[in-house]
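The repeat 'WD' annotation in TrEMBL covers 5-48, 49-90, 135-165.
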Amino acid sequence: MIQNFHGHTGDVFSIDVPKCDTGNIFISAGADKHSLVWDIRTGQCVQSFEGHEADINAVRFHPNGDAFATGSDDATCRLFDLRADRQVCVYEKESILFPVNGVDFSVSGRILFAGYGDYRVGVWDSLKCVRHSVLYGHENRISCLRTSPDGTAICSASWDCTIRVRFYDVKANIKIAKFENSA
């Protein structure tokens, strides 16, 4: 059976399914500035979150499945708690003016990685809501990013036709190695 999900009032740009067993849900986000949590079995929207001032380009569940992060054209990332049914953190700096195109968490969920339109990856402390560091290297906007399942690498893709895989030790703030391959 094919299930259709209706509820957004604009284009849908991103979806995610939790990695842990939090029930039969998934989340979607897009041009209507809303993130919607869906029940896979019924096709019904069970929660709706707002707060962004522009399109939401990326959404990713926290590893524990109880929260999720979004990245938007408004140059912010936001953390929402499903249990509390509210926004709990905004990741922003006055110096950041470019859209967030991709987000992902470290394995523990303590670090939030955000890929920006200014060619950088922001490394945020997800609990303290402060930027830990910045990863440089791309020569055009970052289109998406993901962390490796074991948490040892952050992979980013860019409009500069490259994919960068960085082996990164967050505690030491050191880039251990870099692999780059041009398409």
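The backbone N, Cα and C atoms fix where each Cβ goes, glycine too.
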- Note on the structure: With the cut-off at Cβ under 8 Å and a gap of six or more residues from its ends, the chain residues touching the repeat 'WD' (5-48) are 54-61, 63-66, 68, 70, 72, 80, 82, 85
- Query: Using DSSP, what's the helix, strand and coil tally for the repeat 'WD' (49-90)?
  - Reply: 0 helix, 24 strand, 18 coil
- DSSP helix, strand and coil counts for the repeat 'WD' (5-48)? 0 helix, 21 strand, 23 coil
